[in-house]
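Once you've had a glance at the structure underneath, I'll fire off some questions.
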Amino acid sequence: MTSATIPGLDTAPTNHQKLLSWLEEVAELTHPAQVVFADGSDEEWQQLTERLVAAGTFKKLNDEKHPNSYLALSDPSDVARVESRTFICSEREIDAGPTNNWMDPAEMRSTMTELYRGCMRGRTMWVVPFCMGPPGAEDPKLGVEITDSEYVVASMKVMTRMGTSALEKIGDDGFFVKALHSVGAPLQPGQQDMPWPCNETKYITHFPETREIWSYGSGYGGNALLGKKCYSLRIASAMAHDEGWLAEHMLILKLISPENKAYYFAAAFPSACGKTNLAMLQPTIPGWRAETLGDDIAWMRFGKDGRLYAVNPEFGFFGVAPGTNWKSNPNAMRTIAAGNTVFTNVALTDDNDVWWEGLEGEPAHLIDWKGNDWYAGKTETPAAHSNSRYCTPMSQCPILAPEWDDPRGVPISVILFGARRKTTVPLVTQARNWQHGVFMGATMGSEQTAAAEGKVGTVRRDPMAMLPFMGYHVGDYFQHWIDLGKHSDESNLPKVFFVNWFRRGEGGKFLWPGFGENSRVLKWIVDRIEHKAGGQDTLIGIVPTATDLDLDGLDISSDDVAKALAVDPAEWRNELPLIEEWFEFVGDKLPSGMQDEFEALKQRLAKED
């Protein structure tokens, strides 16, 4: 099969020679039945969803409950990011570092080329041009994903600015990231397709120097929507290192005081630590308002005024469904309720609506995420998968900040790090300076969640919530953070804080109510920036006392507040060998600044003896 005999290649709506030659090369390798350029139109979405319903991949939901929305149930083997099959194939192994899987790029290209050979037989090869972030940006980051999955094309319309407008932005000679994806399930003539095609063999591979992504075998979001973690974190972090900016696993939140002054927060939390809930916060303190600019990824660059400005490169929310409800995140529920949403691996109700654990009103009967009957009180397994998702347009969020599409971004006042820890880490701590803040982020540990493979509940170090997403050596990444702090005067840099909403008391009870009440912690942070609030200088940084927090109207015991804020030297002594082990794992590239901060912590602890 040659490119000349593949329908659609000869009518490509572009004169970009490098793009055209790449498309021909991939088509000749993968043997698709046809090539289609995604234009991103609503008509195309309609055709895609109809095709997906006919294939059994999508089920149309009740339009009265969720208009223009669909449910997809994946293969049970294809439900999450596969970190064990995710590779950073830098030219030199040392540049991938100890946190990434590495293979020689030539060897990986050879292996995957053989997997791709004929892999799109019987399928459509979709060409999906996309733009990460507002297209009016000074330096827009563009990409083209080739995929044989209509599920991916439909989801990319929600998650990115894709289609004809992005192709026009690339122009005749613009740079773009090459993102190649296949589910790895070729169809022979007359062969019946699966509702969720995938392959037991999976590779999610990144070539940082050439800015390429090759993905094979998985149809699941993080492995297949290549604009998401693959581009906007792994490849973009390598770009950011080379170009002097930051690509981070962070929400962007706008908090507005009663005086109508806006403060912008960028916050890094590992999966299932309340990132989306905080991004769509409903403050409980009178007079305070919050708006969202993003729930997952922030790209941050220094402006001419020396401040750090953030944009969200995404166009939609790809949120974890279980636990999302009208109490924990009413704004996410309103966003979803507006429709145009793709749900994956949640349960189906008898009236064609969706349900998941944590939603109010458990139905007596459901079809679970595996397609089986599920009965309340009888079926022992969860109805929705723990990593089930909603994919929904950002533009529908009722508290979307007007600046969400501003190519200049917003000036960040606060960088928040957070994690899920039952003990040790207080509710909120302020870093002493930028380098100390980097140390806080570099040493964060969080309990394992369902969003990635691995044992749930064990604590793993997850620096800046970027452990699975750094596109280069973790030691160089820490040094990059330290170096960026020297780009500007300390007074212009965001102030760094660390939060832990998840500390527990006796009997495993959460000490802090969380959700909207977290606005009380953010108010203290704002007051610290404005030099209006007190705090205690502790072993680990500045921590408020109970009287420093605005607790008016909150039903919480003073004992619980004190325990939530406590800094226990014995617990921190237990943490020292864990930090030491982590730094030894980072190896020779650990910056001296991080070792200095660790020694300072040890010395402060020694004085407590």
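Glycine is no exception: its Cβ is also placed from the backbone N, Cα and C atoms.
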From Arg51, Arg81, Arg85, Arg528, grab the residue that Swiss-Prot records in the same substrate site as Tyr220, Gly221, Gly222, Ser271, Asn387, Ser388, Arg389.
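Looking at Arg51, Arg81, Arg85, Arg528, the one Swiss-Prot places in the substrate site next to Tyr220, Gly221, Gly222, Ser271, Asn387, Ser388, Arg389 is Arg81.
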Going by the Mn(2+) site in Swiss-Prot, where His249, Asp296 are listed, which of the candidates Lys229, Lys261, Lys304 is also part of it?
Lys229
Of the candidates Arg301, Arg307, Arg420, which one does Swiss-Prot list alongside Ala272, Cys273, Gly274, Lys275, Thr276, Asn277, Arg389, Phe515, Gly516, Glu517, Asn518 as binding GTP?
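Looking through Arg301, Arg307, Arg420, the residue Swiss-Prot assigns to the GTP site is Arg420.
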Where the distance is taken from Cα to Cα, which of the binding-site residues Gly222, Lys229, His249 turns out closest to Ala272 (GTP binding site)?
His249
What binding-site residues in the list Arg81, His249, Asp296, Asn387, Arg389 lie within 10 angstroms of Thr276 (GTP binding site), counting C-alpha atoms?
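Taking Arg81, His249, Asp296, Asn387, Arg389 one by one, the ones whose Cα falls within 10 Å of Thr276 (GTP binding site) are Asp296.
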Taking the Cα atoms as reference points, how far is Tyr220 (substrate binding site) from Lys229 (Mn(2+) binding site) in Å?
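Rounded to a whole number, the Cα-Cα distance is 12 Å.
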What is the biggest Cα to Cα gap, in Å, among Ala272, Cys273, Gly274, Lys275, Thr276, Asn277, Arg389, Arg420, Phe515, Gly516, Glu517, Asn518, the residues listed as binding GTP?
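Largest pairwise Cα separation, rounded: 25 Å.
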Of His249, Cys273, Phe515, which is closest to Arg389 (substrate binding site) if I measure between C-alpha atoms? They're all recorded positions.
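The answer is Cys273.
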What count of other C-beta atoms do you get within 10 angstroms of the C-beta of His249 (Mn(2+) binding site), across all chains shown?
25
Does anything in the same chain, at least 6 positions from Gly221 (substrate binding site), have a Cβ under 8 Å from its Cβ, and if so what?
Ser155, Lys228, Phe318, Thr344, Arg389, Cys391
Does anything in the same chain, at least 6 positions from Ser388 (substrate binding site), have a Cβ under 8 Å from its Cβ, and if so what?
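Non-local contacts for Ser388 (substrate binding site): Val320, Ala321, Pro322, Phe343, Thr344, Asn345, Val346, Trp356, Trp369.
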